[in-house]
């Protein structure tokens, strides 16, 4: 990771390690990095924090750092701590400028670095991580740190918009001056007509996008999709800035617009909010296409900006539609069973039957080392049991067996088929779930229009072996809870003993395996888990009300 950081970002990461060391912490946490950012006003991220209202002393105090020992360092300075003298290298340093005995990164800290790297490479795979990327990753990854920033006076939403604007300008696909984006409209009659068309289409696009954003924000309550829509709205505003407002306003003639007096019966009727959403996605795409086509007459480059936006809107429409369908299909599902590897078909049907009677909502069959015919036989039996219980049935990995068994969908790992390829095999109706192990994989799965996510492994599992480095802990659970409302299930080593920790981290759906497979009465354990999940959902609903 060191080679992927700018010098300024590397100094901040090094200072975070020294802060953790100074407070005798066994791990370097995201809060150490935020403290480093707050105490480095000369960095670009530090400037942004100051410009958006940061009261640095208040934030450092909330993070547990006194102002007198704020560990402020310059590019060539070290933190004042027991074995470090300001302005001199650490006495036990092996190399100049490299922290010694630095605490290892926590899972949350590594997740922030991965998120920053993903942000940096969104437009350019070779772009290094800067201080702005680190700050944006912290704000987007950690709700507690975001809350601390708000309490310390930071206008967080404005800060995020400013960082995104800066990142887009710095690492966009092509660097150009503002002038080429301007559309030159004269006083000729054809330019007057063109101005009227562009004015009306720009208004339609802005209005439709706002209607869509309101649905995603208030009906879906989805932070990730809302942020993406805000990003599109910002980019639309930038593109529309290439049209001269005064010329467009001068050409506007609402009383003389014959279209304002013509309305079809279909336009007057909207049966439900989703119909409003669909209509405005179509209106937005049409408006962007009009802007794209008519801008070609005067400025091909500006036309291209509207074209890119149009394709992004098509992708967003699919993502929003997938989120709606997934919430409707799995919105009430709470308990997910992963089952497989049992000695006999009888063992399998007994466990699944017991689990379904105990309230399991989703069953995933995963088999390793068995012949396809045996796997298919078992899948068909599980399909019968889940169908009778009204539960969802998915097959692990195998799209072919999922189709043959009549399963409701398939679950994919990070090394399996992509969502896109699985969709080509299964069609549009079946569910596709994806296992995710870090924030970038969660975002990628949402962008790929997965129907649901598995988030983990949270704890070591008794039914599937993981390296210690693969255990993501509760940090990723908190991240998922804060960033998406797409149905997701925390998984990996979850049982009755640690369920409360998972619920406290924000999960409202869990996937279990050994907790039921090793139980004397899978039905009783399933019922206990399901009751606690539903109780947590009820409490959350009461708090929102």
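From the backbone N, Cα and C atoms, a Cβ is placed for every residue, glycine too.
Any TrEMBL annotation is an automated prediction that lacks curation.
Matching 35-70, 71-106 against TrEMBL, the residues noted as region 'Disordered' span 71-106. Same-site candidate for 4-amino-2-methyl-5-(diphosphooxymethyl)pyrimidine binding, as annotated by TrEMBL with 364, 365, 366, 367, 368, 396, 464, chosen from 435, 497: 435. The Cβ of residue 365 (4-amino-2-methyl-5-(diphosphooxymethyl)pyrimidine binding site) lies under 8 Å from the Cβ of 339, 340, 375, 378, 379, 382, 393, 394, 395, 396, each on the same chain and at least six residues away in sequence. Mean predicted confidence for the domain 'Clp R' (1-169): the pLDDT average there is 74. DSSP classifies residue 435 (4-amino-2-methyl-5-(diphosphooxymethyl)pyrimidine binding site) as strand under the three-state reduction. Of all Cβ atoms in the shown protein chains, 19 besides its own fall within 10 Å of the Cβ of residue 366 (4-amino-2-methyl-5-(diphosphooxymethyl)pyrimidine binding site). Counted within 10 Å of its Cβ, the other Cβ atoms near residue 416 (Mg(2+) binding site) come to 17, all protein chains included. Counting only same-chain residues six or more apart in sequence, the Cβ atoms lying under 8 angstroms from the Cβ of residue 397 (Mg(2+) binding site) belong to 366, 410, 411, 412, 413, 416. A simple Cβ count within 10 Å picks out one of the binding-site residues 368, 464 as the most packed, and that one is 464.
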